Amino acid sequence: MAKNHQPIQTKPQVYTKQDLIALGNSNRKLNHWPTIILCIIFVITGQSIAKILENFYYDQIDHNDNHQNDGVWTQSLLQTVGFRLLLPFYIFTAKKHNQQQSPTTSDRTSTKYIISFSGLIGILWSNQGRFSAKAKLELPFRVFTLIYTTQLFFTLIFAAFINKIKLNRWIITSLILATATGALTFSSSFGGEPDEAEANNGRGSLAALISSLYFSLLLCVIQNVFKRTKAPSFASVYQVLIISSLLATISSAAGLLIEGEQDDFKRDMNGFSKGKGAYVMALVGQVVAWQVYWAGIVGLVFSVSSVLANVISVITWPIVSVLVVIFFGYVNDEFDVFKGVALVTASLSAAAYFYRLHKENLSY
């Protein structure tokens, strides 16, 4: 007598809480796309404006004297000194969280853990900015771009070992395309690019590599803080930014005073081609734009992972390079095929990672 066999039904893959932590997005609520998209807009907008104003600053200062390597601590300081602008957003998000649920022991533990790691984050942050500025002033910008792209490789390594992120073909595809995007922007120009007499390839290359490593480690340390504290709300993002920025600002200000860069402000202001008002606005604009950028970056680390934050940061480069062509029109800098292909690979890189997030949502 023939037996009735029930057809075998395969269940779709289901991600547990532990799986999502391993994938690096333990803080992200299911289908929380508005926060992710808003953070991406912050990264693109903030980085684009900051880089445009940075180009404007170096394009307009007096280059008659050999001060090419001055102001590296100043550029680092500009990235963090505006942290007080974030205080209203922290108060709003913290108050909203407290209205939804009463403060718990976990919340207080989270704050203490963030404070304990803020020193490391602040030092990495200030030195990353300093080495990045130094490298751009000592290297041809195309060389700096190629070396600085290695941050994606460093993030891949640190994310695997520090954050225990499970890699898959979509994340790897996104990283490969992001690396291609960064490399293809080598034809871009920079207002502070040194001439042959000022360039120092050895020292500049080392500075670019160190900056790249520090940036990657910074993102992964921040994600590790969120993961270990089980950060309860987006207010944790502003906690990290404000506390770490304060310490990074102190570090950068100390470096600025030790190097005597405070004496450069008056000279640069007086020699600024567009006048003193434009000089002040260029610096203030960078301060605000960097806060927008970092709010987006750390928000992406909180919502998804350090890997996506780094990918979005890098694939913004071709947008910046196109804006530089439009606003400055440097000699030998134009919208070439490399910038066009970079925009395409940037879109594909983002699409690959977003597709992975979409699959996670469907499987949860």
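In case you wondered, yes, glycine gets a Cβ from its N, Cα and C as well.
Here's what TrEMBL has on this protein:
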- 33-53: transmembrane segment (TRANSMEM)
- 73-92: transmembrane segment (TRANSMEM)
- 113-131: transmembrane segment (TRANSMEM)
- 143-162: transmembrane segment (TRANSMEM)
- 169-186: transmembrane segment (TRANSMEM)
- 206-226: transmembrane segment (TRANSMEM)
- 238-258: transmembrane segment (TRANSMEM)
- 278-302: transmembrane segment (TRANSMEM)
- 307-331: transmembrane segment (TRANSMEM)
- 337-355: transmembrane segment (TRANSMEM)
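Cβ atoms under 8 Å from those of the transmembrane segment (143-162) belong to residues 24, 132, 135-136, 175, 178-179, 182-183, 185-186, 188, 190, 201, 204-205, 208-209, 211-213, 215-217, 219-221, 223-224, 305-307, 310-311, 314, 317 of the same chain, restricted to positions at least 6 beyond its ends. In this chain, the transmembrane segment (113-131) does not touch the transmembrane segment (337-355); fewer than three CB pairs sit within less than 8 A of each other, excluding pairs fewer than 6 residues apart. When the stretches 33-53, 206-226, 238-258 are ranked by Cβ pairs under 8 Å to the transmembrane segment (113-131), first place goes to 238-258.
Residues 234, 282, 285-286, 289-297, 299-300, 303-304, 309, 312-313, 316, 319-320, 323-324, 327, 357 of the same chain, all 6+ positions outside the transmembrane segment (33-53), place their C-beta atoms under 8 angstroms from a C-beta of that stretch. Counting only same-chain residues 6+ beyond the ends of the transmembrane segment (73-92), those with a CB under 8 A from a CB of the stretch are 54, 122, 125-130, 132-133, 235, 238-239, 241-242, 245-246, 248-249, 252-253, 255-256, 259, 261, 264-265, 283, 286-288, 290-291, 294-295.
Listed stretches 169-186, 206-226, 238-258 were compared with the transmembrane segment (307-331); the greatest number of C-beta pairs under 8 angstroms is found for 169-186. Tertiary proximity for the transmembrane segment (278-302) is limited to same-chain residues at least six positions away from its ends with a CB under 8 Å from its CB atoms, namely 27, 35-36, 38-47, 49-50, 53-54, 56-57, 60, 78-83, 85-86, 89, 219, 222-223, 226, 231, 234, 236-238, 240-241, 245, 268-269, 272, 308-309, 312-313. Same-chain residues lying 6 or more positions outside the transmembrane segment (206-226) and placing a CB less than 8 Å from one of its CB atoms are 24, 26-27, 113-114, 117, 120-121, 124-125, 127-129, 131-132, 134-135, 138-139, 143-144, 147-152, 154-155, 157-159, 162-163, 236, 240, 297-298, 301-302, 305-306, 309-310.
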